[in-house]
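Have a look at the structure below, then the notes.
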Amino acid sequence: METLYVELGERSYPIYIGSDLIRADVLAQHIPSSQVMIVTNETVAPLYLDTLLSSLPGFKVDVIRLPDGEAYKTLEHWTLIFDALLSCRHNRTTTLIALGGGVVGDMTGFAAACYQRGVPFIQIPTTLLSQVDSSVGGKTGVNHPMGKNMIGAFHQPVAVIADTQVLNTLPDKELSAGLAEVIKYGLIYDPDFFDWLEHNMEALREKEPTALATAIYKSCRIKADIVAQDERESGVRALLNLGHTFGHAIEAHAGYGAWLHGEAVAAGTMMAVNLSLKEGWLSIADAERIERIFVAAGLPVKPPRDMTESHFRELMAVDKKVVDGSLRLILLEQIGRGVVTGSFSSEHLSATITEMTA
Ligand SMILES: NC(=O)c1ccc[n+]([C@@H]2O[C@H](COP(=O)([O-])OP(=O)(O)OC[C@H]3O[C@@H](n4cnc5c(N)ncnc54)[C@H](O)[C@@H]3O)[C@@H](O)[C@H]2O)c1
Ligand SMILES: O=C(O)C(=O)C[C@@H](O)[C@H](O)[C@H](O)COP(=O)(O)O
Ligand SMILES: [Zn+2]
C-alpha cells in the first residue's frame, strides 16, 4: 500500500492506494463515533457492499443505495441521503462513506458538507476516474439542467481509500473515461508522465496492475500538490479544468449521462488544443501527439456534430471560471504546461467550434 497526503493544515488527509484496502484496520481509525452511513448505488452495492460492511465490525451502519447514473446527480436525488440520515437518527458525529464512482462521491461529499452543517466523510472510489480525480480535493456537488456541478460546496474527505482490486469489474468504456483525466495531468503539469502514458497505454487498457497503480499514484500526487497550493481554485487549481468548459457544455447539451464525463473531457481537451494551435502556442507535432493518445485510450476527439456555436456559447457562459462576463479557458503552451487565460481571440474560438463540429 502507498500513502499520499493532501496537505491542508488541520484538514489534511491520507490517500491510500493499493490492493484489498477495504479493511477494518484501514477504515476504523478515520471513524470518530459508532454511527456510519454508507452511500452507494444499485450497481456497486451488489459488488462491494458486503466487503465494506464486514470491514465495519462494532459500528452501527446504515446504507442508502441511490439509482445509478449521472442523470441522478440532482438536488432531488441528493435529498434522499438526508431522508435516510434523519430516519435512521444519525447525529452530528456520524460519518458518511461514499462507496462508488464520482457521482456517488460528489453527492455524498455534498451531503456531508450540509448535514447538520457538516459531518466527516470517507471516499472509497471504485472507478478509475474517481480514484485519480474526483475523490481527491473536496469539490462536491450536483448538476443543474443549465450547468454541470452548479450547486455544491468545498468539503474535504477525512480519508481516500483507492482499492485497485475493484477496478477488475469496471467496464472498459468507464476505464477509458478515467484515462481522460489521467492524460490531463500529463498535459497540464508533467511532460514525463505524458511520455510514460504514451508508452504504457496498452498496459493500462489491459488493466495491468502495476501500470494502473502507477497511473493512480502519479495522478493523485499531482492533484494533491495542486489542491494543497490552491484549495478553492483561486489560481493554479483551475488547470485541473482543462477541457472541462467545452466538456461540461457537451454533457449538458447531450443530456447528463449520454456522454461520460471523461469522454466529454477528452473531446473538450481537443477543442482546447485546437484553440491553442490557433493562438500560436502549441506546435502541430504536440497537437498530433495529444490526439493520438486520446485515440489510443479509446476516447472521442471531437464533440457531437449536432452542437452549434450558439449551443457552446450559451452553455459556456455559465462556467464557474467566468469573471465579469468574460470566459476563461485552460489552454496549452506545450505538453506539460497549461495556462488559465481569458486572452484568446473570439474569432479563433468561433473557428474552433465550427471546425470541431464539422
Ligand atoms: N469532484 C471532483 O473533483 C470531480 C472530478 C472529476 C469528475 N467528477 C465527477 O465525477 C463523475 C464521474 O465519475 P465516474 O466516471 O466515476 O462515473 P460514475 O460515478 O457514474 O461511475 C461510472 C459507472 O461505473 C459504475 N461502477 C462504479 N464502480 C464500479 C466498479 N468497480 N465495477 C463496475 N462498475 C462500477 C457506476 O455504477 C457507474 O455506472 C461526474 O459527475 C463528474 O462531474 C468530479
Ligand atoms: O478538482 C478540480 O478542481 C477539478 O476541476 C477536477 C475536474 O476533473 C472535475 O471534473 C471537477 O468536478 C470540475 O469542477 P468544476 O468546478 O468545473 O465543476
Ligand atoms: Zn473532470
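Cβ coordinates are placed from backbone N, Cα and C, and glycine is handled just like the others.
What TrEMBL says about this protein:
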BINDING   68-73, 102-106, 126-127, LYS139, LYS148  NAD(+) binding site
BINDING   GLU181, HIS244, HIS261  Zn(2+) binding site
DOMAIN    64-176  domain '3-dehydroquinate synthase N-terminal'
DOMAIN    178-322  domain '3-dehydroquinate synthase C-terminal'
Taking DSSP helix as H, G and I and strand as E and B, the domain '3-dehydroquinate synthase C-terminal' (178-322) has 104 helix, 0 strand, 41 coil
Among the binding-site residues ASP68, GLU70, ASP106, point out the residue whose Cβ has the most other Cβ atoms within 10 Å, with all shown protein chains included in the count.
ASP106
Taking only the binding-site residues ASP68, TYR72, VAL104, THR127, HIS244, which have a CB closer than 6 angstroms to any atom that belongs to ligand 2?
HIS244
For the Zn(2+) site (GLU181, HIS244, HIS261), what does the 8 A shell look like? I mean other same-chain residues with CB within 8 A of the CB centroid.
LEU129, ASP133, ALA180, LYS184, GLY243, GLY247, GLY262, ALA264, VAL265
Shortest C-alpha distance to TYR72 (NAD(+) binding site) - which of the binding-site residues GLU181, HIS244, HIS261
HIS261
If you measure C-alpha to C-alpha, which of ASP68, GLU70, VAL104, ASP106, THR127 (binding-site residues) come within 10 angstroms of HIS261 (Zn(2+) binding site)?
GLU70
Find the average pLDDT over the domain '3-dehydroquinate synthase C-terminal' (178-322) in the predicted model and report it.
98
If you count the other CB atoms within 10 A of the CB of HIS244 (Zn(2+) binding site), including all protein chains displayed, you should get 26
Other C-beta atoms within 10 angstroms of the C-beta of LYS148 (NAD(+) binding site) total 25
